[in-house]
Structure formats: structure tokens, C-alpha cells
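Student: Marked as transmembrane segment by TrEMBL: A:85-103, A:110-131, A:143-167, A:179-208, A:220-240, A:277-300, A:320-338. According to TrEMBL, the domain 'ABC transmembrane type-1' annotation covers A:144-339.
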Amino acid sequence: MRSSLPVRIFSAAVTLALALILLDGLWHFFSWAIVHAVWSVPRGADGAPDTDLCRAAIGRGACWAVIGEKFRFILFGFYPHALQWRPAIVVALFVLLFALSLNPRFWRPALVAVWLAVLALVAVLMWGGVFGLDFVAADQWGGLPITLILATFGLALSFPLAILVALGRRASGLPMIRWLAVAYVELIRGVPLISLLFMASVMLPLFLPEGIDINKLLRAQLAFILFAGAYLAEVVRAGLQALPRGQQEAAAALGLSYWQATRLVILPQALRHVIPMLVNTFIGFFKDTSLVLIIGIFDLMTTGRTATLEPRWQGFGNEVYLLLAAIYFAFCFTMARISRLLERRLNEPHLPIEEPA
Amino acid sequence: MSGPAIRFEDVHKWYGRVHVLRGISLDVASGERVVLCGPSGSGKSTLLRCINRLETHEKGRIVVDGMALSDEPRALKAIRREVGMVFQSFNLFPHLSVLENCTLAPIRVRGLGRAEAEARAMEYLARVRIPEQAGKYPAQLSGGQQQRVAIARALCMQPKIMLFDEPTSALDPEMVREVLDVMVELAESGMTMLAVTHEMGFARQVADRVVFMDQGEIVESGPPGEIFSAPRSPRLKSFLSQILHQH
């Protein structure tokens, strides 16, 4: 249907106005980020950077010098300077692992082994203390590796937990298991993540027998796994509930055991139904790792904030936050892409076609 | 094997307070073809589903292929291996191809090698006359084709007994025939069959015995000729008049 002339003129005017506003905004950003930006600052007599140039540009241009000066701290926190190649490799390993997992050609059982191997390698590289690597205590770790470790280990471990809990919640004939699963999900969901982190960092040590000390990062990791597990369990349960009963019955009638039916028939379908919701939870969870700052763990967000606390660099938070945003976006966007890819890949052959051949 | 293929001894079942099976006793001989019919809610599907324990009975005894049904996992598995089932809604696995639907259980439950399972699957797919669809996914097939795949899938386990739970009720009328043809062929091969169906033509053609159920009880049973032409109980008479009225 063709619109009348006045309507078309009006919509053209709106489009033009919006384009102008957008262009103006882009131009301002471009002018700030590129044209008037300060890319580096000279060093003073004492060898420390002299930030007067940046101060002069405040309001007009970005001070990218702060990134150049601080990026190692932002990325790796207080990890010993000379050993930062180790967390650098860890980050590269994670990125490689994600890239590998992105490619459908590698979706086979061996990928699980690769994941386990990489996770072990990450532990070795971060801690050291073996193979001639210097030992680095976990409280010296910081920055991007912390974020990636919390998120990756968290998801890798909470996902199987979530599946077990979701299955347990539907276990007929096992009221105790069902009750436990419900209690777990409701308890964890009913509490903010921050209070879980506090409990893990402050209260958990009180309950442990004397002499046993789990380090803070591990405790935070535990809290994250429990937290994500509860939410993911609900997502998985939604997928299980979407399946017609007949699938379980057909599998049972063929003689498949409960676990065979679950693994070969039920889960492949249930999980594929909820991929968007799963990835949504993954992404939210990735960003939630930044909450560890409240228990004094230096994840990427915290190292970024800390970098601009130095008097010399105070006032240049915008630049740092932009960098952090770019890093977070890169990872979250990648996850969103994986999700789309998985959906397309898994659903394609099953779409009903109009004409049965 | 001596003794009946399936034996029900005074089987009772309740859904909550509803008494859905009220003292069913029935023997099905090896090689016998039995059609269960009756109005909806008469308990015929429930009775069928008790045989492979998709439903549990609360009282009485069911013996299948010489083994008494219980919750003991190994016995249950042994029984399910020998009892194939075809459902009203097909229940094919949509994430697996037709061939994979047919090879899953033979490989995982019977322990067949992949090549052997695939050869067997192709043999049965040929028998239900759709070998050319082996690489497709269930959603790409018509209802009649899906139901024939479901029959092939059950047959691939080479069961001794086949159960049919209203296999043609969800089909468009023009597809009923192709499924019934396959069932008739199967019946003629000597398979022990127990079918819940309203297809009286099928019952007349292949059944050794028709069992009429109403309100959880077996009201009347006998050869199809007798049941259809000389019904004794008023309940069967009114049921038949309704059924025949429809057709």
C-alpha cells in the first residue's frame, strides 16, 4: 500500500532529522576520540609520565595515553610484571578455546577433553610452582584472566550442575532429590549474588575445619558456580518441560535406560529449545563476574577502576571505561554469535517443509 | 516358549481415586492378533501401556514373555526389549534422521554394531516401503510416512510382541490405508500383536480376537465375526452402533 504524499514527506523529514542527530553525535565522538586526542605524554625528569598535555585536553580530546601507560595493569592487575607473559598466554588460550568451540567442525566428544586440558593448563600457568615456573599466589592475580577464569570455569562447571538439578527437579519417585533440587534453586535465586559472594568470602571460612583455607578466588568461584547453576537449572527445566511426554515414553518403550534416554533423546532436544535463553544467562553471568570487586578480587572491572586512582591519572576514567566496555562487548558479542550459529545449525534440518517429498 | 505371550491376572489400576482398570484378566497367545476396542476412557490404552510399564498397575499380575512385570530395572529392560510399541502421535525423535531413529535402540540396547544396525534398519524401512526416506528428518515426512517409520523403528528391535496404541487416529484419512497395509502385512507374518484401534475393517481382516472394554472392564471378547455380527451385551451393541454410524 502506498502512503499519501504528506505522510511520505513527514517520514522523510523524521529520517533526515534522526540522521543529522546521529551524525552530529558521531562527529563529536570522532573529534574527541581521534582529532583532539592525546596519544602519548612525555616523561618528566624523574621518568614518570607528565600528564599536563592530557589535562589541557580534558573536555576536548581523549587521553589515550592512560591506556598506553596502564594497559598492562588493567589487563593483568598485580601479577608480577616479569611474569605477565603467563596470564597473557592464558587469555590467548581462552580466546583460542572459544574460537575452537565456535567451529561446528570441532563439535565432538574430544572437544570436552580439549576444554579440560586447557583448564588444567590455565591453572598451571596462573599458579606456577611446577615445571620451573615461579609460584604466584592467587591474591596477586588480576584483570582479564580473572574475569575469564571466573566466567569460563563458572559456566563449564555450573552447566552440568544445572542439568543434574533440572533433572532432579523432575525426578518422579525420588521425593528427596526433588526436594533438594527445589530448595537449592529457590534458596540461591532468593539471594542477591553480592550476598552470596560475601557469604563465600566471609562466612564460608568460619564453617570450615581449622587449618583448611580455601583461597578467596576459589570461594568466589564456588559462589558463582552455585549462583549460575540455579539460574541455568531453571532454563534447562524450561527446555525439559517443552518436550512432549511421548519422547520419554518412546525412548523407554525401546528399552533405553533413564540415562540413555536422557542423554540421547531428551537433553539434545531440550537444550536446543533453550539455546537463546541459555546464552542470555551466560552473557549476564559473564558481566556479573565484575561483582567480585566487592570482596577485593581484582577482575577486569576492578583493575580498570584502580588504574585511574593514581593521582596523576585521575580524571581519565572515561577512556579506561571505554576500553573495558570494548573488551566486555567483544566477549559478549562473540557469545551472542555462537548462540545464533548454534540455533541455525541445530534447527535447520528439522524445520518442517511444506511439501513432504 | 510355553504359556501365553502376555497374561493379565486380575489387574487393577487407579488414577488417584478413579478406578481405571477393574480386575482385568486376559491371555494373549504367542502369534495371536488381538484388537482392543471400546469407548474413550474405557481403559484400553492404559491396559496396553501397562504391558511395557509406561503405566504401573497397582494390583494383580502381568506376565510378559514369561517374565513378571515389576520395577526391577533388569527385568523391565528385558521385557521392553521384546515389546515394540507404536504410538498414536508417532513419537519419532525429531533431532535424529529416520535411519538414526531406527538404529538408536538396536545399537544402544541390543549392542549391535553400526553397520549391522543400519543394514537391519534399511531392511525394515524397505518393508514399510520408505527406504528412500532414510536420510530425512521426521519433520520432513507426512504423517503416514512418520507412522511407518515408527513401526520400522519398533521392528528394528526384533521384538516378540508389538503393541499399537491407536496408530491411525492422528492421521489424515488418506494416510490411514498405508499404515493399515503395513500392519496387515505384519499380522500375516505371524507377529504377536495387540492393537487399540477403531479400525473395524482392520479388526475383521486380521484379528483372531476382539476384546471390548468399557469402564475399566472387559465386557465381551471373541472372534471378530461373532463380536461384530452377534454382540450380546447392550454396551457393545450401543458402541458398535455408534462406530458403524460414523463410518
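Heads up, the Cβ atoms here are built off N, Cα and C, so glycines get one too.
Bear in mind that TrEMBL entries carry predicted annotations, made automatically and left uncurated.
Provide an account of the burial state, proximal residues and distances for the features listed.
Tutor: Proximity of distant same-chain residues to the transmembrane segment (A:85-103), defined by a Cβ-Cβ separation under 8 Å and at least 6 residues beyond the stretch ends, is recorded for 75-76, 79, 111, 114-115, 118, 121-122, 125-126, 128, 133, 136, 141, 143-145, 148-149, 152, 334, 337-338, 341.
Sequence-distant contacts of the transmembrane segment (A:143-167) (same chain, six or more residues past either end, CB-CB distance under 8 Å): 73-77, 79, 87, 90-91, 94, 97, 115, 119, 122, 126, 181, 184-185, 217, 220-221, 224-237, 240, 262, 267, 282, 285-286, 289-290, 292, 297-301, 303, 327, 331.
Sequence-distant neighbours of the transmembrane segment (A:320-338) (same chain, 6+ residues past either end, Cβ-Cβ under 8 Å): 66-67, 70-71, 74, 98, 101-102, 144, 151, 279, 282-283, 286-287, 300-301, 304-305, 307-308.
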Student: Quick check: do the transmembrane segment (A:277-300) and the transmembrane segment (A:179-208) share at least 3 Cβ pairs under 8 Å, counting only pairs 6+ apart in sequence?
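Tutor: In contact, yes.
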